[in-house]
Ligand code: NAD
Ligand code: MG
């Protein structure tokens with residue numbers, strides 16, 4: 001690990017790689033139960049006011065990539081609404097404190113994104129608490145593994161699509177009356193949306209769908225001056241993995257990346273900041289791959 005995200009060094013050895021200790025969690029997972037502890041930028045993220053005065057909503061903000069995005073947004077000068085599942089309250093409170101330590105306002109809005117009414121409430125409560133909305137960072141997601149088509153269950157696909165895809169439509173529709181020209185919507189796809197693993201068919205379908213939704217919505221919303229982009233992570237060291245993947249696969253987690261190691265959540269935050277900021281004014285409909293050197297197509 002490094003003092004600052006700007007210290008030049010070999011990226012392949014910047015963070016730990018496999019073998020990792022075998023570990024398993026029950027969903028939705030806790031960053032404190034991960035060995036080693038993930039880096040969400042708590043010590044390393046340096047902001048420059050690139051999002052000064054912006055109001056952002058981040059889903060999945062308690063842990064993993066969403067937590068790193070919330071920390072980065074706050075250090076770049078944004079107020080942040082944090083969405084997460086009710087059972088993740090303790091982790092969300094830590095993120096609230098980190099946002100406040102950056103001198104920004106945080107608001108906690110727990111709930112289940114599979115519920116349409118919560119998605120609308122989430123947007124309304126964000127606007128009420130922060131006085132507006134400029135950036136939607138839609139990071140939350142679920143990743144069940146199903147090894148064989150013989151074990152396919154309708155309710156698994158319903159669950160994945162509700163949490164990963166429907167919520168994009170619901171939150172974005174609710175946000176429309178608040179987003180102004182210059183606003184930015186950022187989705188979270190995956191390398192799985194481009195190069196799927198055999199046991200992740202349901203998830204991979206949702207992640208391909210997210211990249212395509214991003215392309216469609218970018219064209220739809222261009223006339224309103226709203227940009228829509230995505231980030232497609234490769235393997236990232238977050239509780240999603242021990243919560244959904246068998247422990248023996250965690251031992252070698254990230255070894256398939258060209259770097260030979262997984263990414264850390266802190267390494268995913270900068271592309272979200274870039275896409276949220278006016279720096280990326282001519283970028284819309286794009287999904288940026290952050291995969292440690294592995295091609296997505
Ligand atoms: P994570 O478990 O830390 O974050 C996922 C979050 O999604 C949870 O914290 C939870 O708050 C939220 N969530 C899940 N179901 C929800 C529901 N029904 N209602 C509300 N919130 C819900 O893991 P992460 O890896 O940081 O995941 C963030 C995103 O990154 C996900 O969309 C995931 O698919 C994507 N991603 C992760 C990896 C990886 O290797 N970790 C790789 C590619 C893409
Ligand atoms: Mg979590």
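Each Cβ is built from the backbone N, Cα and C atoms, and glycine gets one as well.
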Per TrEMBL, the range holding region 'Disordered', considering 1-43, 44-86: 1-43
Beyond the flanks of the compositional bias 'Polar residues' (1-15) by 6 or more, those residues with Cβ under 8 Å of it: 39, 41, 43-46, 237, 259-264, 266-267, 270, 292
